[in-house]
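Some notes on the structure that comes next.
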Amino acid sequence: MLGRSAAAGILCAVLAVSLGGLWYRDGIRSSLIDQDLGFWTSLVPFVASNASNCSCQADGDAEQGVGSCRLRGTVNDCCCDYETVNRVNQEHLHPVVSELVKTAYFRYFKVNLNCDCPLWPDEGMCSMETCSVCECEDGEVPEPWTEAERKHPLGCNTTVIQNEFQVDKTVDPNVKELLVNLPGWRGFNNPWMAEDEKETEYFYINLLANPERFTGYKGEHTQRVWKAVYSQSCFTGSTNPGEDECTEKRIFYRLISGLHSSITAHIAKEYLIDEERGIWGPNLDLFYWGLGRPELKSRVENLYFAFLFVLRAAMKTGPLLDRTEYNTGLPEEDKRAQELMHLLANHPSLQQACPVPFDEGRLWKGDEGPDLKATLMTSFRNITRIMDCVGCEKCKLWGKVQTLGLATALKILFHESDCGSSGSNDTAPLILERNEIISLVNLLERLSQSVETYRVLSAKLEEREKGSARVDAAAAT
């Protein structure tokens, strides 16, 4: 069990919402203790994108709609309808990615949890056992990884990396990509990630041994974290950033909100039901107040949007992921990881139903494009620094996993080779580091699980409501 002096993260701050936290609504911050506002106050529906060029194979609009929020039609700003997303995720994607993250290559994540919070003084860590993180024991981390890292000092040899990608001619000719293995945990030259001001230590965490779920972390501290997230300059000057006419700002907001919704789903699914016996299970009341009411559908819409956005990044870099050698020194697990990744990168049902989940090519256009991109990069880097301001180690861990995953998705989709450049040989290649791939796949799994959780708990909620109606009807006779 760790006793860190630093405080950091974003994920467990969602508990403040269910226990008196803050959320951004119509340009103001509202106390969520009020039951009429619920867990979040409903976000105004977003401006729909032009889906006329979509080639998705729609399942058709069900009269009832998807889940307890009755979602219908195409996911705004994307190119897939809700029914199709639910079906493909349930039948094809979720079974694959949920097994993939259990393999050795994807369950070990290197991270630094000792950074000081840059926003307010250190107030210590959550002392509850559920907040703590267990580091990997000696010998647990794959030996090929530790051996490779011992050969290099902290930092990286850029010249060696450049030579490697110049030699590699097997990558997708449309996007130059290379997977590398470097010391440090923040990836390689990721413009969406804040860099450490100085060299830092890191250690490995087994993500399966430290699952994302309810920890009991709550209170004023978590409120300040979310307030800092939604106080970024890119959200100012707009009555509701979710309705911003600027497509890029609207999409950026929806990604953050979608991640927030995803966290809520995980906590509602894995809630501490019986502390004495250590029983975890779904909390339908938390789900209802957080995601389960029709008037809150914009939160779930943002969840589906974030899922499709990250799925697009994974599909775009699929050729690289399919060819990567997943080497942990455990032949059976490595073979399994290779097979699952091949299935994920080449799944015919996924490619047929939703070939282009999100069209990133329409962004950053016009004279203001470069400045706008720089502004949003700065805002996201600030959010990654806020990861160092949550006093729950497990929340901090999953905050860093998922923000690095989102930064990797942004890096893949908005790399300069795909954003208005000539695509010449002078274009800097897209280089991905092992930890970036691990975080991207784990984020995809978390979002996939959240979409599935919304489907399952919506059904349970409906069953409960029907049962209550039957009891009321019987009592009235």
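For all residues, glycine too, the Cβ spot is worked out from N, Cα and C.
Heads up, TrEMBL stuff is auto-annotated, nobody curated it.
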Disulfide-wise, see what TrEMBL says C395 is paired with, picking from C389, C392. C392
Given the binding-site residues R213, T215, W226, S257, state which is nearest to C392 (active site, nucleophile) when distance is taken between Cα atoms. T215
With FAD as the bound species and R213, T215, W226, S257, H260 as its recorded binding residues, calculate the greatest Cα-Cα distance and give it in Å as a whole number. 21
Measuring Cα to Cα, how far is S257 (FAD binding site) from C131 (disulfide bond) in Å? 23
For C392 (active site, nucleophile), the number of neighbouring Cβ atoms whose distance to its own Cβ is within 10 Å equals 29
When you tally the Cβ atoms that lie within 10 Å of each candidate's Cβ, which of the binding-site residues (T215, S257) has the highest tally? S257
